[in-house]
Amino acid sequence: MRVRLNVGFQEDLMNTSSALYRSYKTDLETAFRKGYGILPGFKGVTVTGFKSGSVIVTYELQTTAPSLDLIHKANERVVQSLNQTYRMDDNSFQAFNSNEIKLSVTPEIIFEGDTVSLVCENDILSSNVSWRYKEQELEIQNSSRFSIYTAIFNMTSVSKLTIHNITLGDAGEYVCKLILDIFEYESKKKIDVIPIRILANEEMKVICDDNPVSVSCCSDSNIDWIKTEWRQEGNINISGSAKIHKDSICSKYVFRVDRTQCPSGSSGTTVIYTCEFISGYGARGSADTKVTFTSMANLTITPDPISVSEGQNFSIKCISDVSNYDEVYWNTSAGIKIHQRFYTTRRYPNGAESVLTVKTSTREWNGTYHCIFRYKNSYSVATKDVIVHPLPLELSIIVDPLEATVSCSGSHHIKCCIEEDGDYKVTFQIGSLSLPAAKEVKEKQVCYKHNFNANSVSWCSKTVDVFCHFTNAVNNSVWSPSMKLNLVPEENITCQDPIIGVGEPGKVIQKLCRFSNVPSSPGSPVGGIITYKCVGSQWEEKRNDCISAPINSLLQLAKALVKSPSQDEKLPTYLKNLSISIDKVEHEISSSPGSLGAVINILDLLSTVPTQVNSEMMMHVLSTVNVILGKPVLNTWKVLQQQRTNQSSQLLHSVERFSQALRSGDSPPLSFSQTNVQMSSMVIKSSHLKTYQQKFVFSDSDLWGNVVIDKSHLENLQPDSSVVTMAFPTLQAILAKDIQENNFAESLVMTTTVSHNITMPFMISMTFKNSSPSSGETKCVFWNFSLANNTGGWDSSGCYVEEGDGDNVTCICDHLTSFSILMSADTPDPSSLLGILLDIISYVGVGFSILSLAACLVVEAVVWKSVTKNRTSYMRHTCIVNIAASLLIANTWFIVVAAIQDNHYILYKTACVAATFFIHFFYLSVFFWMLTLGLMLFYRLVFILHETSRSTQKAIAFCLGYGCPLAISVITLAATQPREVYTRKNVCWLNWEDTKALLAFAIPALIIVVVNITITVVVITKILRPSIGDKPCKQERSSLFQISKSIGVLTPLLGLTWGFGLTTVFPGTNLAFHIIFAILNVFQGLFILLFGCLWDLKVQEALLSRFSLSRWSSQHSKSTSLGSSTPVFSMSSPISRRFNNLFGKTGTYNVSTPETTSSSVENSSSAYSLLN
């Protein structure tokens, strides 16, 4: 029980050993005994403690069950027996019965979704019952999910709490409380809710082949489910029957489906099957299975019979009426898969098709082919027979001679040879003339010969083309390559050889090595071509591109392999044989450029074959590369370089293709180390990602390098991607020089590739040993295969030097390929004193030029009204303003470009193109406005009596000044940017190396300079030597000289500036030209300010009249009234007199104001004041 004392609570009441606690306890127990002693069966009372809230006294009373009246009377006696200082509240007595209420829960095991009943029973007859959820200390009220029913039955109080569709959140302790007067009775029950999990396959793919299919689901709990229901939702209705397992925790839904139920139009339709378990107390659990129905593909293949001859093309189309499949491939009748390069597959909404295309058929293609559509474990197959009739391929027909000289009265043996015999009809054709052929068989080689008599035709002193014509049994034919016969008079022939033939002096011919003096065996002939020249009376060998017999045999096998339908299966064995053979004939490669070139061609052919390369195949490839990059072979590489071939680039590209196809699988990452090539690799594992680091050391070459790719960049790669890096110590010596040919590589060439395409931003760091740290500026470069008409070249786009401490150079690049460093001997190092000086001159000079141009525009704005009172002066100052404005904008873009390049902004490439376009446009505008100025002068001088309105002149000027530059700039951009060769590699300016786009600026500018200088000479000549009737006044002569000075000074200076600028483009340019161009470029704005603006007499007068002091103004007015003013740039000044005396004239020309001229000479004077 408990009762409240209306006194303040003290902390000592919490301490059972305190005096206050003992005092309270003694007094209260005495009062309790006096009061409760009247109860029958009273045994005792004990104070158990005190709580705050005033003072709450808790105590235990031991007695038999008393009546309510007697317990109230005992409570009153307690209050009366206690000292009033305790202020006991007689209405606060509460009693708690220790006898528990009976509380039951149904069901015993509760699952999520069940309907749960909690029943509370007590012998105390009271309907005052409440339910409480102890977890939230909230009283439960009737709601949609909770219902409470309380009643009295058979002298028992019953209260029932029903929880509908119970959830996991409803789990916890529930309390039932019954209250009767001061007595409270309660009982507690904790319930647990078990979640229901139904397990089923999320997705299934079913083929409509009338076989039984079952969809199953199971409960993970052993519940006594009373039933299981199945339902479906989808565009097609495919029903079945449900079966329940014996233990009732699993259910299976079985159905059959044939093609009539899922026709091809509905193939790929998804139906959702839902299984739902229902318990006896209402719990429900369900799971969905998405079933995709796919029809068996009906395949339709090309119906027409396919019968072709070797060398011809054919195609087979295989059409499916369903679009769902896992794989499409083609097989031979022997079960060998056709390489993917030979067929294409397309998927359509209601079907698919695969087309096998063979451009050059060989005998290997003869047979039966299977088109196979696979879906899971079901296969739809269509077959087609292909008949390939023997016929030599054009490139396999060997002709002799390739070219020969024949005496008009002599004869020459001609022949065509093939490797395999066949039933062919062969003739030699010369135009419409058909000549018979005699067959000759030597082991495997079959030759057809004819002895051509030149005297049988009347073609002396002509060149005739001879062909072999092969016709097979099905009347298909092929022509051999041409044999050129030069018929010449016998007296012209000086060189004679029984094998090479005859020729006139200076004649150059090519001959197949197998038919020349080169030793060869019939079973294994040499390949290639040898070139001879007739010098005097002897044939001299000019070039030997012969291929040794073993390598020639390998080359022919490689050419056959890439045409074979089973090239994937043949490639590993071929690469192994290639590696072994090349190692044996290294001495032949080191002495034969033709053999070396053949090996490179073999690797190039084979690199296009594989979609995947395993470790063993890659080892064979690198072993071959190690031999042909050896130091003994370097001299042979130099011969290839002299022949201007791109085979070094071709080799590098081939090796890159092989590395991109490398797949290590579960085997350890491949590592390879030889004298001339090293390779390391890593497979990207998302579960164990680490930074890619590889180091390569070549002790024989004293070169090293390392590669680092941070793991943050590797995260963007597809899992199981292979990162492969190869390093070559000798490759830099054989790759083509940079376009300027003064750059040379001084380190390793390191190639890094990734097996999958990179779509996210990517950065790679490489450190090279620099063998020549003092040779000049260091550049980080990569080999760009698309440069120089796709022959390749070094390119620095996307790469920059991060750090260089002399012996080491660290490069950062945003892409992958083959990298190295270049040293430029002509371009000054940016960190050198000369480089810094050029930067200072450029930046300060351009800034000074911008200020001068701005000053020019300000001056023109100030004096505009004073100097544009007549039509011609207006046009002249319009031209000057546009010249200054165009150059000002161009120089501003120059500053923008410098900022972009120096800071390596992300949008550098796009911004560089835009900046180049605007600089090109506005610099051209400067020149075209000067051309406009010159043409207007010429017009006013020649067409004196012809008048044109100001608006017309202005329209023509703007069309010429801006229209022509815009057209040239746009055409240049459109012609070069699609190939990304609009700008230079490292500078935001027009490209010169690849497209000569710079000529789109240089040619118009130089033409304008020449035209304006010509106009200036014509004008000066005309005014100094006037024709009869021409009497130019003094003002006219002065104006004309103003014209001449402005155009004659401005145009050459601008032209001179850009003349030096153009010289810096060409390779080997002396550094002096760089410095002169930078200095002259500084003064462009100043030239326009002085000679285009301030040299103008009217401008000087307008400025003096506006800004001078009154003293100067009065003196100027006085001198003007006397007609003898001589400003510094007037014609009477010493400078102008000297300029005038150059043309043999003396005297002084006084300049009066324009208002003094008479109307009769207005037109001619306006011509002479065009630039005034």
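Note that Cβ sites are derived from N, Cα and C of the backbone, with glycine treated the same way.
Residues annotated as domain 'SEA' in TrEMBL: 1-100.
According to TrEMBL, the domain 'Ig-like' annotation covers 99-192 (among others).
If you look up TrEMBL, you'll see 297-387 (among others) marked as domain 'Ig-like'.
As annotated by TrEMBL, domain 'GAIN-B' applies to 668-829.
The domain 'G-protein coupled receptors family 2 profile 2' annotation in TrEMBL covers 838-1096.
Residues 873, 877, 880-881, 884-885, 887-888, 891-892, 894-895, 898, 1075, 1078-1079, 1081-1086, 1088-1089, 1092-1094, 1096, 1098-1099, 1101-1103, 1105-1106, 1172 of the same chain lie 6+ residues outside the transmembrane segment (840-867) yet bring a C-beta within less than 8 angstroms of a C-beta in it. Marked as transmembrane segment by TrEMBL: 840-867 (among others).
If you look up TrEMBL, you'll see 879-900 (among others) marked as transmembrane segment. Proximity of distant same-chain residues to the transmembrane segment (879-900), defined by a Cβ-Cβ separation under 8 Å and at least 6 residues beyond the stretch ends, is recorded for 842-843, 846-847, 849-850, 853-854, 856-857, 860, 908, 911-912, 915-916, 918-919, 922-923, 925-926, 929-930, 932-933, 936, 957, 961, 988, 1084-1085, 1088-1089, 1092-1093.
What TrEMBL records for 920-943 (among others) is transmembrane segment.
The transmembrane segment feature in TrEMBL is assigned to 955-977 (among others).
Taken from TrEMBL, the feature transmembrane segment applies to 997-1020 (among others).
Residues or ranges marked as transmembrane segment in TrEMBL: 1040-1060 (among others).
Per TrEMBL, the feature transmembrane segment maps to 1072-1097 (among others).
The compositional bias 'Low complexity' annotation in TrEMBL covers 1152-1166.
Residues or ranges marked as region 'Disordered' by TrEMBL: 1152-1172.
Residues 875, 878-879, 882, 913, 917, 920-922, 924-925, 928-929, 931-932, 935-936, 990-991, 995, 997, 1000, 1004 of the same chain lie 6 or more positions beyond the ends of the transmembrane segment (955-977) yet place their CB under 8 Å from a CB of it. Helix, strand and coil counts under DSSP for the domain 'Ig-like' (297-387) come to 6 helix, 54 strand, 31 coil.
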